[in-house]
Amino acid sequence: MHVRSLRAAAPHSFVALWAPLFLLRSALADFSLDNEVHSSFIHRRLRSQERREMQREILSILGLPHRPRPHLQGKHNSAPMFMLDLYNAMAVEESGPDGQGFSYPYKAVFSTQGPPLASLQDSHFLTDADMVMSFVNLVEHDKEFFHPRYHHREFRFDLSKIPEGEAVTAAEFRIYKDYIRERFDNETFQITVYQVLQEHSGRESDLFLLDSRTIWASEEGWLVFDITATSNHWVVNPRHNLGLQLSVETLDGQSINPKLAGLIGRHGPQNKQPFMVAFFKATEVHLRSIRSTGGKQRSQNRSKTPKNQEALRMASVAENSSSDQRQACKKHELYVSFRDLGWQDWIIAPEGYAAYYCEGECAFPLNSYMNATNHAIVQTLVHFINPDTVPKPCCAPTQLNAISVLYFDDSSNVILKKYRNMVVRACGCH
């Protein structure tokens, strides 16, 4: 599945946002299809009850049971910065081939510095994923070596927070190697990553070889190891997740302390901390479950919030008051601000996005720029002849785009997820 086609979000996500649109920033002027925007905005501060209703609706669309409350976690650590590189790559694609998908800055709260952490292979993994998660190393203290001449480091990652129904399509362990000038200047290292199968008291753990790399001691940069198979095993069997073990040896078999080999551990700079990243794709069973329950949940939420009907009425009054004569079906501005909702502590990017909405008349005769369907044309003719029998066609989105959201979960892991049908690209009569 292409990254721009996430099926996990409901096809009518824009409806839940349209209902309380007067609470956001709604433009009353025309929006032409060539993106020439001339608009005025309604601004007012959300009341507490309105804010809670808005938050509940959008959290439902995002597939989150509650508002994440991450622990204090630096946004400039290596894992969030890597995820931001992926987010930026996605944002470029979502802007459309003409680069005019969004009239508002589709940007993060902060930006990466220096060369990108994400590789071309990571970008390739994105094309078959609808969610990406990064995981921080949970090991705080290294165990004592049972063999004085065998050096290794251990890493452990919590995969218990992965949403149900998500399958791992690719997973990587990433660790940074600094340039070293002394002692091993002309050496070649063999760096090996193992899965810990079983731990023992008094002797070394049972290990399973996952991946290895041969590098020069003078090399510098991120080392990436494939751990896809073991990650899938951990997701299915969480009790078997005993972590990873890394060792460094010279070509003649001498064990080297990873720190002396230039490998950065948990005490190194924040932007060089080791981490794990996994790419996920929702299974078909999970997608069907989302489709069947998503609409029910949002319907229940709206039935509990009668103010949404009042929101629709006020939005209609505001629209009608802007002009004595109703305008033809067109796209209008609607900007959703995550910052205004007070979510800047857990949503890394974007600060908000331009959702837009469709509004206007579908009256006879229908012009070509109205993108009317054949059925809408026939319905318009019948309505023109007998308006009391058949209503006019409705102004609705004809093209919808996806957005990417980058955020922390409760465990301070970073999640990058695609949500389809969140941005109106074009409107027409249906």
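The count begins at 1 with the first shown residue.
Using N, Cα and C of the backbone, Cβ positions are placed for all residues, glycine too.
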Looking at the disulfide bonds in Swiss-Prot, identify which of C427, C429 pairs up with C358. C427
Of the recorded positions N186, C362, C427, which sits closest to N371 (N-linked glycosylation site) by Cα distance? C427
Cβ atoms near N371 (N-linked glycosylation site) (within 10 Å, other residues, all chains): 20
What's the CA to CA span in angstrom from C395 (disulfide bond) over to N186 (N-linked glycosylation site)? 70
For a quick check of understanding: among the disulfide-bonded residues C329, C362, C395, which residue's Cβ has the most other Cβ atoms within 10 Å? C329
Comparing the Cα of C429 (disulfide bond) with the Cα atoms of the recorded positions N186, C329, C358, the shortest distance belongs to C329
